[in-house]
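Residues or ranges marked as active site in TrEMBL: GLU132. Among the features that TrEMBL reports, Fe cation binding site is placed at CYS89, HIS131, HIS135.
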Amino acid sequence: MSVTPIRLLGDPVLRTPAAPVVDFDAELRRLVADLTETMHAAGGAGLAAPQIGVGLRVFTWYVDGEVGHLVNPSVDLVGEETEEAPEGCLSIPGYRFDCRRHLHVVATGWDQHGDPLRVEGSHLLARAVQHEVDHLDGVLFVDRLDPGARAAALAELAGADWTGMGAWVPRVEVSPH
Ligand code: NI
């Protein structure tokens, strides 16, 4: 296991849809271990493989003291209830913006051994799952902000000293929840 540098906004890997995992092998288990360790070292609630430069559909989370991971996830948004709350991203360090997310989700996928896994989450866990699955599609949480909030966020991020903001281009247009 090793702590791996986290890619920052402006890195093309964050805008590239990740590929499904095919082999549930030792390499996958090392990836899950690296994601988990890197997430803990950074103090994050979740981390997706593209954030450490690996284009595979894997993410980890650490919410309410529970750590988990999911491979090749698909997420169902449950019900119509949403919640707006401050959200951040380890790839956009130092910034938090209010983002509206579904309150409840059910995510299904596989664990690192290839066994099926189902995760039900609300509030922060639901938010983390939606955020991380977005990463696997090249979507960042700032893409999910309301247009006005997004413009304000962009203006703020333009002052960030850790990336070339010329790379700020939503890869896909997403509709707000
Ligand atoms: Ni993130």
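The chain as shown is numbered from 1 upward.
Backbone N, Cα and C define each Cβ position, glycine as well.
TrEMBL labels come from automatic prediction, so no person has curated them.
Non-local neighbourhood of CYS89 (Fe cation binding site): TYR95, HIS131, LEU140, PHE141, VAL142, each in the same chain, at least six residues away, with C-beta under 8 Å from its C-beta. In this structure, CYS89 (Fe cation binding site) belongs to neither helix nor strand by DSSP; it is coil. Take the mean position of the Cβ atoms of CYS89, HIS131, HIS135, the recorded Fe cation site; other residues of that chain with a Cβ within 8 Å of it are GLY46, ALA48, GLN51, LEU90, SER91, GLU132, ASP134, LEU140, PHE141. Counting only same-chain residues six or more apart in sequence, the Cβ atoms lying under 8 angstroms from the Cβ of the residue listed as 'active site' belong to GLY46, LEU47, ALA48, PHE59, THR60, TRP61. Of all Cβ atoms in the shown protein chains, 24 besides its own fall within 10 Å of the Cβ of HIS135 (Fe cation binding site).
DSSP classifies HIS131 (Fe cation binding site) as helix under the three-state reduction.
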